[in-house]
Amino acid sequence: MEDIRDFLNEIFENSIASTRRRPSLEAQAIPNVEELRPKVVRVRRKRPISRAWHMMHKLIPRFANDDEEEFNEEIGLIRKPTIPSIRQRNSQIHALENLDQIEEEEKLNEFRSSLKSGNKKGVTFGDGVRKRGAAANRIPELSSSNSEDFERFGDSYMVLEFSEGTATETIQWIIEKIRGRKIDGGAELMVRKEPLTKETQTLILHISATQMKFLEIADDMGFMKRTKTGIIRNFNVACLDDFFYDENMTLEDILTPADRQIIIKHALENIRASENEHHIPGTKTQLYHGQSIIQAAQRYEIITSFYSLHDKQKLRKLRHVWIKPTKQQPIDEIRDYFGESVGMYFSFLGFYTYALIVPTVLGLLQMLLSEETETVPFFCVFYVVWIKVFLELWKRKSSAHAYRWGTITMTNLDEPRVGYYGKLGRDPVTGKVTPQYPKWKTYVQMYCVTAPIILFCISIAGFVTIFQFYVESYLAEMFGIDSYIMYVPSIVNAIYIAISTIAYDRLATYLTDKENHRTQSQYERHRVNKLIVLEFVNNFLCLFYIAFILQDMKMLKTQLMMQLIVLQFVQNVLENLLPYLKKKVALISNKLFVKSNYERLQQAYEEYDQMGILSLDDDDVRIVRHKKECVMEEYNTYDDYLELYIQFGYVVLFSSVAPMTAFWAILNNVIEIRLDAYKLCSFFKRPFARRTKNIGAWQLAFETLAIISIMTNCGILYLSPQMREMATNVSSEAYTITFLVIEHVLLGLTWFIYKAIPDTPLWVRVALAKADYESRQALKRELYLILFALQL
């Protein structure tokens, strides 16, 4: 034990000596901090280091069962804090920014009492000594919303636009909540307003945060980041140095632009109403305890616009690489800027496009070398295997993405969504007053309103299908079956399908809104389910009718290719041309018809100035960007996933009859990737980044199509003339039973592939195990440092 004590003495003496030699970046950034350092050192010297050894003797038994090498490893990981200041909670942050007003001894006492109290809302270990030690030499600025005058206002990560006529009292209260201390229910964010001009209609706020605040909230939200060892583990400001895995990294490199946007949105939506706040001042809007104030302001249209601005410099750099057809998609860069949800979609689109190469090559060989009827059995079996292998390999790829992006262990917190409504009542579980909406009303809406409407839409699709064949038979009698005019009904039907897809999307949204699901995950799942049912019937009912009622394989192939090609062409035109036209029309209408509220806003702006809300410069580029981007459409991945879902159905459901569908699909996707990249960078608002570890409900949708494709392809094989000729001596009962057995064998084959291919690659499982081990080691270090801090 004497050897261990001498060893620890040497470590701590070297740590104190290095502290004297090298001032931290914090001292370089904040005035007068260096003047306080002698006082800090004296406080340390007044505490005899020998007092720490008494605490270390208490720790020795904990390691008594461990070998000596592990114990020495634990001791070697200890880092001596350099500045004993308090961070994280509002009172402690405020103290840091006013070091010349608060004695260091008082802060230490407050920190010690917070630790002993065990109050989770107070200072935790990660908010105290360890964070101060690790972060002091890395973080160039420590601040809060109360010292914005001394802070550089960085990029605008969120823009809030209030509705016209909103009371000044209401706006002031919301701003105070955004800027206020967390101990008072605020978010501690930085706020700038756009300057008042002749064109100003209402108050527009730009929201950002300090570097320290970004790191704090990332720690609280449980972000996972890469460490020096290459392992992805929970981000911890206390171990900030561990996350500088590259010598050239800066603080801004730890968090991506998408991470910062998520953090700002989380901080804003996490501003909650306290027990004494029952309404928004200046309005009749009711609040319940714990409700998100920003979401309530959105719901009651106090805040009319809530979105993030593009970073033109980063966006231009990304677009330059992304839209080039000769280069692969920069998936990691897409994720860094737009977030995991958009990154996962484009990764899936690219992976799916590459997977189509094999069926495309086989389809070309079939077209050139053999008769179509000879290859039907082969393509039936091939597509069953290809579909399942593709989906299982995608699971592995998405797991790899989720690990590298730090979302693989993410869990969704099911909080009430913005549009959820109901009478205020006491929650039977938590006892808090929250909106209560009877579940039976949701079920009544689903089964008595939604279901009949969907059945009505299905009947309309059936009527259109029958009408199309009636017109085709009439044209065949008038002009002959080989006339080019016979293609007109199919083309018209494909255009009708493309247009009805837009209508069904709005209908699914409307019906799901009326069902009033409580959480966002429930809402999204029910909306996707409606879209899948409506689009499946809308796109494939005609093909099922031809295949299994008319049993005309030649007509099936013609109709399939016509729908696929026309549908993809119409969708590409609509989804790229409409956003551009809407943007131009909105910009022109704003200039011609929007009136200024300059005189009404003059007095309000004077009050905002008295509150200390600073304005952006008149020539700030963010003001120009806001005017252009506020009229843009919002982007989400639902429409793009739906488009892929429909295309996937055309490729796999009747693939044995028309193997060349894979060629047209891959050709469309190559163009689609570049067009989607261009429209996302040019015509849409910057979408809210969403953290995700897979493609969500769409994975199940694609797997459902895979199961249905086994049945449809086996049915086509059952009806094919080639197979009937081979089974001329077999009774119809035996023939049917044989195909039922084949179908079940193929289903069993898909189950075997599902079991044979793990969803998570081995290297990801090993990396997760290593991260778990590192977390346990970090926990041991933190336990020691907590006890060490208590002894100071």
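Positions of Cβ are set from backbone N, Cα and C atoms, glycine also.
Per TrEMBL, the feature domain 'Anoctamin transmembrane' maps to 334-769. TrEMBL lists 345-369, 375-394, 446-471, 483-504, 531-550, 644-667, 695-719, 734-754 with the feature transmembrane segment.
Counting only same-chain residues 6+ beyond the ends of the transmembrane segment (734-754), those with a CB under 8 A from a CB of the stretch are 381, 384-385, 388-389, 392, 706-707, 710-711, 714, 717-718, 724, 727.
Looking at which of 345-369, 375-394, 446-471, 483-504, 531-550 has the most CB pairs under 8 Å to the transmembrane segment (644-667), the answer is the stretch 345-369. Ranked by the number of CB pairs under 8 Å to the transmembrane segment (531-550), the listed stretches 345-369, 375-394, 446-471, 483-504, 695-719 are led by 446-471.
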